[in-house]
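Novice: Please read through the structure below; I'll follow up with questions.
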Amino acid sequence: MAQFEWVHAAWLALAIVLEIVANVFLKFSDGFRRKIFGLLSLAAVLAAFSALSQAVKGIDLSVAYALWGGFGIAATLAAGWILFGQRLNRKGWIGLVLLLAGMIMVKLA
């Protein structure tokens with residue numbers, strides 16, 4: 001793997017943000033009944049994968065994907081709480097903690 005460069009971390013951060021945007025648009029689309037939000041969601045997913053493809057040029061795929069997925073889930077959870085009033089129960093919080101612990105383990109491996 002090439003030496004770490006901040007540009008790859010920036011691409012990964014962009015991929016995470018775009019994934020969150022895609023998920024929020026998907027919720028707004030109401031099961032694709034509101035087509036513009038559905039299309040925006042698809043465009044954001046495509047852009048997220050494009051950014052992820054740039055990130056993996058300098059970050060191991062397993063690490064990049066774990067971080068992308070984990071931070072994407074955690075941030076989407078926060079967006080659901082802020083925008084839609086969605087809350088996690090105790091089991092949900094335990095799952096989130098396990099997810100974050102798994103991300104740390106993958107990064108340290």
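The count begins at 1 with the first shown residue.
Note that Cβ sites are derived from N, Cα and C of the backbone, with glycine treated the same way.
Relevant sequence annotations retrieved from Swiss-Prot are reproduced here:
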type     : residues : note
TOPO_DOM : 1-5      : topological domain 'Periplasmic'
TRANSMEM : 6-26     : transmembrane segment
TOPO_DOM : 27-35    : topological domain 'Cytoplasmic'
TRANSMEM : 36-56    : transmembrane segment
TOPO_DOM : 57-63    : topological domain 'Periplasmic'
TRANSMEM : 64-84    : transmembrane segment
TRANSMEM : 88-108   : transmembrane segment
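Describe the structural surroundings of these features, if you would.
Specialist: Remote same-chain partners of the transmembrane segment (6-26), defined as residues 6 or more beyond its termini with a Cβ less than 8 Å from a stretch Cβ, comprise 37-38, 40-42, 44-45, 47-49, 51-52, 54-59, 64, 67-68, 71-72, 75-76, 79, 83.
Same-chain residues lying 6 or more positions outside the topological domain 'Cytoplasmic' (27-35) and placing a CB less than 8 Å from one of its CB atoms are 41, 80, 83-84.
Secondary structure of the topological domain 'Periplasmic' (57-63) per DSSP, as helix, strand and coil residue counts: 3 helix, 0 strand, 4 coil.
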Novice: Roughly where does the topological domain 'Periplasmic' (1-5) sit in mean pLDDT, to the nearest integer?
Specialist: 67
Novice: For the topological domain 'Cytoplasmic' (27-35), how many residues does DSSP put in helix, in strand and in coil?
Specialist: 3 helix, 0 strand, 6 coil
